[in-house]
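Annotation source Swiss-Prot lists 4-CDP-2-C-methyl-D-erythritol 2-phosphate binding site at 11-13, 37-38, 59-61, 64-68, Phe141, Arg144. The divalent metal cation binding site feature in Swiss-Prot is assigned to Asp11, His13, His45. Look at Swiss-Prot and you will find His37, Thr135 tagged as site 'Transition state stabilizer', backed by sequence analysis.
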Amino acid sequence: MGKMRVGIGYDVHRFEEGKKLMLGGIEIPFEKGLKGHSDGDVLIHALIDGILGAAGLGDIGEHFPDTDVAYKEVDSKILLKRVLELVSEHYVVNNVDCIVVTERPKLSPYKDRIRTSLAELLGVSKERVNVKAKTEEGLGFTGREEGIKAYAVVLLEERY
């Protein structure tokens, strides 16, 4: 086993009318989506930050600035693919553990699909991907149903 490196990612986006809600690379049926320069996939953005952090390569904003029109409305899966290509020479993903915080929509019916999507995107078995859904019981930004936040812990393993 190679050396291990851990990273933590975080992201938050507010809800916006007229947009699709993308989480972990899949569309979740809901009356609002997430505002963002890209498609607003808060979970993939947190995952990207975790991967970059584990590899010591900064954060998502350094690689994909929201001032760059090239990333306007971009599919976050494309950004994740680019980050994986960036780290693949030296690292492989060992496992990821993610938390999505939202009052609504309830994510239990979609967690398995999100895990499958993330595993496929990361090129790992589904057993190496965990997704938890939490509420804040009416407290704060997410509790007031203003948006969604996500956290991701990523363990990278150094290639031999």
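Using the three backbone atoms N, Cα and C, a Cβ is placed for every residue, glycine included.
Features per Swiss-Prot, on structure.
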| residue | record | Cβ contacts under 8 Å, 6 or more apart |
| --- | --- | --- |
| Asp11 | 4-CDP-2-C-methyl-D-erythritol 2-phosphate binding site | Val42, Leu43, His45, Ala46, Asp49, Ile60, Lys149, Ala150 |
| His13 | 4-CDP-2-C-methyl-D-erythritol 2-phosphate binding site | Leu34, Lys35, Gly36, Gly40, Val42, His45, Gly147, Ile148, Lys149 |
| Asp66 | 4-CDP-2-C-methyl-D-erythritol 2-phosphate binding site | Gly36, His37 |
| Asp68 | 4-CDP-2-C-methyl-D-erythritol 2-phosphate binding site | none |
| Thr135 | site 'Transition state stabilizer' | Val101, Thr102, Glu103, Thr142, Gly143 |
| Arg144 | 4-CDP-2-C-methyl-D-erythritol 2-phosphate binding site | Gly138 |
When DSSP is mapped onto helix/strand/coil, what comes out for Phe64 (4-CDP-2-C-methyl-D-erythritol 2-phosphate binding site)?
coil
Starting from each candidate's C-beta and looking 10 angstroms out, tell me which of the recorded positions His37, His45 has the most other C-beta atoms.
His45
Which of the three DSSP-derived classes (helix, strand, coil) applies to His13 (4-CDP-2-C-methyl-D-erythritol 2-phosphate binding site)?
strand
Suppose we draw a 10 Å sphere around the Cβ of Ser38 (4-CDP-2-C-methyl-D-erythritol 2-phosphate binding site). How many other Cβ atoms does it contain, all chains included?
21
In the structure shown, with every protein chain counted, which of the binding-site residues Ile60, Phe64 has the densest set of Cβ atoms within 10 angstroms of its Cβ?
Ile60
Where does His45 (divalent metal cation binding site) sit by DSSP, helix, strand or coil?
helix
